[in-house]
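Asks: Pasting the relevant annotations from TrEMBL:
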| type | residues | note |
| --- | --- | --- |
| TRANSMEM | 6-22 | transmembrane segment |
| TRANSMEM | 133-154 | transmembrane segment |
| TRANSMEM | 580-605 | transmembrane segment |
| DOMAIN | 580-844 | domain 'G-protein coupled receptors family 3 profile' |
| TRANSMEM | 617-639 | transmembrane segment |
| TRANSMEM | 651-674 | transmembrane segment |
| TRANSMEM | 694-713 | transmembrane segment |
| TRANSMEM | 739-762 | transmembrane segment |
| TRANSMEM | 774-794 | transmembrane segment |
| TRANSMEM | 800-822 | transmembrane segment |
Amino acid sequence: MFSLTFVFLVLKLSFLFCYLSDPRCFWRIKDRENYLGDKEADCFFSMYTKHGYVKNDYFSENLDKKVTLKTIHLISSVYFAAEEINRNSYILPNTSLIVKIECNLIADNVKRIWSLKKKEIIPNYYCKNQRRYLIVLTGPIWITSYILGPFLYFSQTPELYCGHFHLLLNDQEQFPHLYQMTPKDTSLPQGMVSLAVHFRWNWVGVIITDDDHGIQFLSELRAGMESNTVCLAFVTIITYNRKLYLKMYHKYYHQITMSSAKVVIVYGDKESPLQFNFILWKSENIQRLWVSVSQFDIITMIGEFMLNSVHGTLIFSHQQSEMSGFKQFMQTVHPSNYSNDISLAKLWWTYFKCSLPPPDCKTLKNCPTKTLLKRFFVPPLGMSMSETCYNLYNSVYAVAHSLHEMLLQQVDTCSENDGKVLEFNSWKMFSFLKTIQFVNPVGDLINMNQNRERDTEYDIFYIMDFLKHEGLKMKIGRFSGHFPNGQQLFISDEMIEWATDIKQTIASACSVPCRPGLRKYFQEGKAVCCFDCYPCPENEISNMTDMDQCLKCPEDEYANTDQTNCLKKVVTFLDYKEPLGMALTGLAVLFSSLTVVVLCVFLKHRDTPIVKANNETLSYVLLISLIFCFICSLLYIGYPSMVSCILQQTTFAMVFTVSASCVLAKTITVVLAFKITVPGRRLRWLLLSGAPNYIIPICTTIQMMLCGIWLGISPPFVDADLHMVHGHIIIVCNKGSVIAFYCVLGYMGSLALASFTVAFLARNLPDTFNEAKLLTFSMLVFCSVWITFLPVYHSTKGKAMVAVEVFCILASSAGMLLCIFVPKCYLILWRPQINSFHEFRKMHVKNKNIN
């Protein structure tokens with residue numbers, strides 16, 4: 001038996017996708033002349049057996065005139081199953097199932113039931129020669145079983161309830177004789193939540209009836225919603241008390257109209273005032289997408305679907321197959337009433353095979369009317385069964401298969417009335433029934449074991465109005481509890497796109513979804529589905545809709561402008577190939593070349609007064625140091641390395657110290673040269689001994705000691721700055737010890753300031769080739785450049801910082817070159833008559849005579 005169940009389950013799962021790819025559609029005509037709509041009557045289907053083939057007396061005593069059209073549909077399903085069984089010699093050989101039907105028991109016989117005047121009302125209460133019933137099938141109204149159930153138990157008659165599952169009837173202590181054919185809707189809340197998640201509805205209303213059934217459903221639904229971030233917009237609990245209902249009607253109305261939820265789940269007892277609620281809301285033109293179960297798939301007394309909306313209705317129905325031959329049976333039993341497809345379509349849904357999409361229309365709403373009407377009447381058309389009909393059909397087969405097992409196991413039976421009536425033990429048959437499983441004629445596995453895990457499977461239908469008097473129902477998917485979480489819902493996207501516009505028009509959400517680049521900010525005191533959208537912080541992204549938290553980009557990546565993706569940062573440095581690097585390199589080469597030219601000019605004219613007058617040796621040393629100043633700027637350009645980082649700082653410090661000390665030595669030389677010409681001065685030995693020249697090695701040694709300390713404590717190194725410039729990784733030489741760097745820079749500045757001060761004081765000394773003014777101006781340029789460097793350097797970022805430092809090196813070096821040596825080159829090259837000893841003596845004599 002277990003192997004049969006397993007094989008059946010595997011087959012059902014294997015053909016799941018095939019089933020959805022070959023969909024079934026249904027259509028129905030709204031019979032506005034039938035003021036009862038789909039109202040159902042309570043019925044007892046009492047069953048017993050007879051020998052041989054015995055045909056049931058269909059609709060005896062004008063039963064069809066006493067019940068509603070929907071009840072005729074239910075009765076026909078029982079007769080149809082009994083007829084198939086009686087003609088099948090394998091199930092019950094030489095035995096027939098006979099069904100006696102009694103309807104409207106509550107309305108017609110309640111007084112006689114309580115007075116016990118009519119004994120036939122209570123099956124199995126009999127005297128001599130009175131019939132004993134094997135079992136009673138009841139439905140679809142649960143209250144009938146609830147009231148009359150105890151009498152069936154007292155008369156020792158088992159009962160199969162075929163209506164929708166009800167908690168009150170599940171009490172085995174109160175109803176030990178009753179078995180419910182419909183399983184409990186354990187998977188229904190999960191299925192509806194899965195549907196909401198699939199369509200991204202996170203703001204959903206719920207309408208239930210005020211009973212244990214509805215409250216338990218709400219509890220399970222709420223738990224499923226919380227785990228899937230779906231929120232309840234409102235909960236309307238419809239009371240059974242009609243007086244209280246009239247007082248609460250306006251509250252119910254305002255709850256649904258004031259809510260922004262566009263999707264509403266409906267669950268409960270359709271016999272409650274809930275049905276009246278929807279009839280009134282129809283007149284108020286309340287339009288929502290309703291999600292409910294098959295018992296609300298009915299037409300009301302006004303000739304409209306109970307859950308009527310321009311958006312349509314989604315119905316969860318227990319899985320069932322179409323019955324071949326049921327349509328022909330209906331037409332055979334009622335040849336006058338159901339002779340054609342129109343009459344059958346007024347009674348219930350008629351199914352037809354619909355291809356997707358029709359050749360001449362892409363969507364259902366765009367289909368021409370003639371095209372759809374032609375498709376409705378294309379064979380094969382069949383009469384479908386409601387869920388209660390299908391349960392009744394399977395109940396009859398369950399009884400037959402139980403009797404079949406009893407016959408196989410030779411359980412005691414007896415015959416009465418000359419062998420015409422075959423008596424079985426009802427309770428033994430009932431014990432067989434509650435454990436049996438079988439395959440019905442349409443291939444569905446029916447397992448009657450109440451102790452098994454009953455993960456219910458549901459078909460999902462979409463119902464909509466078509467034209468004015470017709471309705472269309474299409475299967476768009478299914479939900480199966482057999483699959484793991486996340487794989488239980490199957491939706492035919494092709495059917496959705498053709499038949500509905502749910503994805504395009506229905507957006508049931510408390511807040512507008514946060515697009516990528518934004519994150520959700522939850523509002524205090526409100527549901528988690530209600531939130532604001534805030535931009536992600538800097539360098540964080542959200543690449544999906546409705547993200548709770550933004551994701552921080554890795555260190556080597558940065559967020560794009562929309563903050564939806566992390567992009568690789570661009571590695572950048574002051575490169576020779578880029579325009580700025582090329583320009584600085586060109587300036588360095590140009591000025592270093594110019595300095596070499598000046599040096600050559602001085603060497604060529606080294607015997608001229610203008611060269612000899614200003615300490616020839618110091619001029620050569622200064623020019624050579626300026627060449628290295630220009631060349632050391634090239635160490636700052638290109639991809640940094642450990643060697644280049646150390647060299648650029650130490651070389652810069654040393655050569656500029658030499659340059660500044662040369663200027664200081666030249667300035668002191670000028671002062672000394674003037675002082676020794678004053679009578680009584682004894683400083684001639686300082687000038688003759690070359691004492692000013694010792695300034696250069698002394699100052700350089702001090703700077704060398706500072707650089708050595710710098711390199712020993714915290715030398716420069718290659719560093720990658722990931723945050724300085726957005727979207728870039730700046731490769732720079734880190735100074736290491738910033739204090740040491742500024743000590744070195746400050747020392748050079750002090751030398752320059754000393755040179756500037758001495759030169760400024762000596763600027764007006766009367767000497768023919770006095771260069772004090774030139775030295776003063778050169779040191780003014782030097783100090784101005786480096787004083788400006790400090791704020792500019794700290795206000796720039798990335799490779800611009802390096803460019804500023806290179807520019808200051810070039811500018812300060814060029815300032816000294818141009819201010820000190822260009823005027824001299826001008827005299828040497830373009831005023832040679834002045835630069836001669838003869839002219840020098842004439843000028844000296846002239847000045848002496850003037851004095």
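Note that Cβ sites are derived from N, Cα and C of the backbone, with glycine treated the same way.
TrEMBL: automatically predicted annotations, no manual curation.
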Asks: Are there residues at least 6 beyond the ends of the transmembrane segment (694-713) whose Cβ is under 8 Å from a Cβ of it, and what are they?
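Replies: Sequence-distant neighbours of the transmembrane segment (694-713): 618, 621, 646, 649-650, 653-654, 657-658, 660-662, 664-665, 668, 736-737, 740-741, 743-744, 747-748, 751.
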Asks: Are there residues at least 6 beyond the ends of the transmembrane segment (580-605) whose Cβ is under 8 Å from a Cβ of it, and what are they?
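Replies: Contacts with the transmembrane segment (580-605): 574, 611, 616, 619-620, 623-624, 626-627, 630-631, 633-634, 637-638, 799, 803, 806-807, 810, 813-814, 817, 821-822, 824-825, 828-829, 835.
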Asks: Find the average pLDDT over the domain 'G-protein coupled receptors family 3 profile' (580-844) in the predicted model and report it.
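Replies: Result for the domain 'G-protein coupled receptors family 3 profile' (580-844): average pLDDT 80.
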Asks: How about the transmembrane segment (617-639) with the transmembrane segment (133-154) - do they touch, taking at least 3 C-beta pairs under 8 Å (6 or more apart in sequence) as contact?
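Replies: In this chain the transmembrane segment (617-639) does not contact the transmembrane segment (133-154) - fewer than 3 Cβ pairs sit under 8 Å.
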Asks: Take the transmembrane segment (774-794) and find every residue of the same chain, 6 or more past its ends, with a Cβ under 8 Å from one of its Cβ atoms.
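Replies: Distant Cβ neighbours of the transmembrane segment (774-794) are 660, 663, 666-667, 670, 745, 748-749, 752-753, 755-756, 759-760, 763, 801, 804-805, 808, 811-812, 815-816, 819-820, 823-824.
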